[in-house]
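What TrEMBL says about this protein:
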DOMAIN    17-131  domain 'Response regulatory'
MOD_RES   ASP66  4-aspartylphosphate
Amino acid sequence: MDKEQVKKLRAICRDISVLYVEDDISISAQLEKLLRKIFNNVEVEKNGLSGVQSYTKNRQDIVITDISMPVMDGIEMCKRIKLINSEQNILVTSAHNDAEYLVKLIDIGVDKFITKPIDMGSFLSNISKIAISIYREKRETVLESRIKAQQNLQKELLNGIIFPLAYFDEGEIVYANSSFKKQFFTEIDAGDFSRFRLGYLFENKKYVSMSNSELVQEISNSDDKTYLVMDVNKKIVKKYSISVTKFQNAKGCLLSFVNLNALNEEINRFSEQVDYFPKRESFSQALLEPKKSTKENYEIFCVGLKNTKGFIDKYGGAKMHSIFNSLAKSLKKEFSAEVQSKELSIYLFETNRYIFLVEKNLDNSAIDKRLSDFGKKYNYAFGSGLPLELSFIKENIKNTQSIGDILENTEGMLYTLSTI
């Protein structure tokens, strides 16, 4: 074996460990030197008992052993190692040509032998074959592990998507994300994907007689992607936009369902809330107006609900959004007169954080009381039993403060309110 071959062998054997058991010091020293040139991890023992103890602790990839040794011979050692790992690679070196020894070793499961005196060329050839086989197995295991990890990650990502997804291959569901299972699977479907019939979900009865493959093709070819589909879990019909995605070099396709009813509700919710009050940028512009730059003082109130995190953890974000929307409506109704008279301006800084900019001629103590009464008047828990109290803090804005200072103080108030 030339230097280039040895170099390649060393690269393959870098992560392969070896246990070498030999009681003859002269033979052991020579072979150990050769092994350490190839392998980074080599353990050397002088009898079968210490060999078993080392293997039990370290589980080396390759075991090389003599037969005749004190305390415990190589045959007994091989037997015990094979009991621990029946697939263990063992190479036996022995001066014995006795058929009885060979039969015992073969019965144990050892099939690799080298006779003494050891021919180094033959030894390298044998050890190379074993090492290359182990290297390939390890590489395949690593690749399988990586592929499995990637598949698990993909499944986690798909399960995290809120709209239903299902992958069909030759008419059968191969994969469905959590949302699809929750909305469209019966108990029978969940136990056996092959029984799932897509057509039964559709309001239009013409799809019932179609096979899954036919219906997927129908949806793919149709210009109108909007369908009425039954949510099996809630037992109600919803309007969905269904799209079919086909992948290159793959027979299957991915169906995605977007609930148009929920989407429209979400759009309306945001648009309604946006229309109620101007935003943070408008507040900054208001501070630049001439009347705000006079020597007159005014006050800023920061208003928001407490206990929102606990409420979301218990009842979910969707219900919390309804409460935020209700809060916005209530604020608009309660202070509509002051807003119309421009004595009070309300700005939405965050989903649950409002800034009240109060003019000098408006009774600030009255605003304090109004906000306190407002918090008691409206119930935002919707019978949940978890109170959502209205919290507010205020600060007097002095005429000596710059706009930058006012904005900084306002951000500080928002942060303080979030910690209450």
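Glycine is no exception: its Cβ is also placed from the backbone N, Cα and C atoms.
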Please list the DSSP helix, strand and coil residue counts for the domain 'Response regulatory' (17-131).
58 helix, 24 strand, 33 coil
When a 10 Å sphere is centred on the Cβ of ASP66 (4-aspartylphosphate), how many other Cβ atoms does it contain?
25
Segment confidence, the domain 'Response regulatory' (17-131), expressed as mean pLDDT:
91
